[in-house]
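Trainee: Questions regarding the structure given below will be posed in turn.
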Amino acid sequence: MSDVIIVGAGPTGLMLAGELRLQGVDVVVVDKDEEPTQFVRALGIHVRSIEIMEQRGLLDKFLAHGRKYPLGGFFAGISKPAPAHLDTAHGYVLGIPQPEIDRILAEHATEVGADIQRGKRVVAIRQDTDNVAAELSDGTTLHARYLVGCDGGRSTVRKLRSTSVFPASRTSADTLIGEMDVTMPADELAAVVAEIRETHKRFGVGPAGNGAFRVVVPAAEVADGRATPTTLDDIKQQLLAIAGTDFGVHSPRWLSRFGDATRLADDYRRDRVFLAGDAAHIHPPMGGQGLNLGVQDAFNLGWKLAAEINGWAPVGLLDTYESERRPVAADVLDNTRAQAELISTAAGPQAVRRLISELMEFEDVKRYLTEKITAISIRYDFGEGDDLLGRRLRNIALTRGNLYDLMRSGRGLLLDQGGQLSVDGWSDRADHIVDTSTELEAPAVLLRPDGHVAWIGDAQAELDTQLSTWFGRSARDRA
């Protein structure tokens, strides 16, 4: 029997597998596909996800296979330069196709001991007070203490949960998308696309790597369902209707369509079954937030689930996964809905778009929207206190090295600039680092394994209270 079954070997599931294995949790990942998908659902990662990869020592691998791009233009495609200053060492978006992201995360998960089994579909889920069982399409059954559905927007796990609710907003527009070859010369193509995008923001034809082009074009009508596959002829017809040319598209690698509806699961946990990533929330791909949202779900859930399995989680810790992450997803759904409205060709939304564009001339407005899209403005509600409380702490330089290099183990961390504090009683769960930084005013900060600030201060009694809140009873009390 495993500790955790993860259903879905995409970025969310693979990130979660790596996080759990860092804490010694026995993990099996199952995925319905025989081979890793080459379907490029996402093209890069934003600032907070870049920081997460750095916290786990994976960033160099991502940088080796990606390309840095400026952060401007990520809110509804409004072309404005990035803010002059962001509270991060990584003020860029890293362009890297999802298959490459999946490959790096799968290699990491395997290296730390995760068992990844492909070509196995979950067909039934049963759970009792102690365990959960997943019946697979090959007739076998896996048993574990917990199961996490990371199997995408059409999640089987979500559907198999009893009385699961996944309400949807109304779809008002559909978009066709795919990767294929084109014959139109590059200069001519760029000129045509630039002209069309003056009025059609849901339109694009551009390089996707490996000689292919990604084509995005409004669909002729909203589909009643997603059962009918998109064809190359569908895309050609819409290109001709909107651009007056089909760009000579041919040899599609993959084709799909998406709508602008949003959906958010009514709960992220049903006893021993959790949802993460697109299984819990879906939205239009505005601002490139979807993959990042799922990776950050996994980063939040991983250490908490490991704490429960390893026997030191305080009461209610697992419940904070939903209370922290669901509001974040709701905010992403809101901002993608807003962006979807702003790319409409109707006169009203276009007037609002022009107004937003004017407002983005103000540095504070531009920074606010950029921090929202890149997820570095997230602040979990830990109660009243310093503005840093509940936020992630960016990588800061220390006298000896830097902060994120000290977080690769996935443990909690007390950064103590005065050297007067102690984590005695919690040293099996949190590291105590005595060091100083010119970039941090607080005398000491307690960081959760996901890098969010759980406490700021210099009083040992207050620190002990927060250590108990996030890391359970001290070893002295458990003895």
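Every residue, even glycine, has its Cβ placed from backbone N, Cα and C.
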Trainee: Per Swiss-Prot, which of ASP60, ASP138, ASP174, ASP278 sits in the FAD site along with THR12, ASP31, LYS32, ARG41, GLN98, VAL122, THR156, LEU291, ASN292?
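Mentor: Candidate listed by Swiss-Prot for the same site: ASP278.
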Trainee: Under DSSP, is THR12 (FAD binding site) helix, strand or coil?
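Mentor: It is helical.
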Trainee: Restricting to the chain of THR156 (FAD binding site) and a gap of 6 or more, list residues whose Cβ falls under 8 Å of its Cβ, or answer none.
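Mentor: Result: VAL7, LYS32, ARG121, VAL122, VAL123, GLY149.
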Trainee: Counting other CB atoms within 10 A of each CB, which of the binding-site residues THR12, GLN98 comes out lowest?
Mentor: GLN98
Trainee: Including all protein chains displayed, how many Cβ atoms other than that of LEU291 (FAD binding site) lie within 10 Å of its Cβ?
Mentor: 25
Trainee: With the FAD site defined by the record as THR12, ASP31, LYS32, ARG41, GLN98, VAL122, THR156, ASP278, LEU291, ASN292, how many Å span the farthest pair of C-alpha atoms?
Mentor: 25
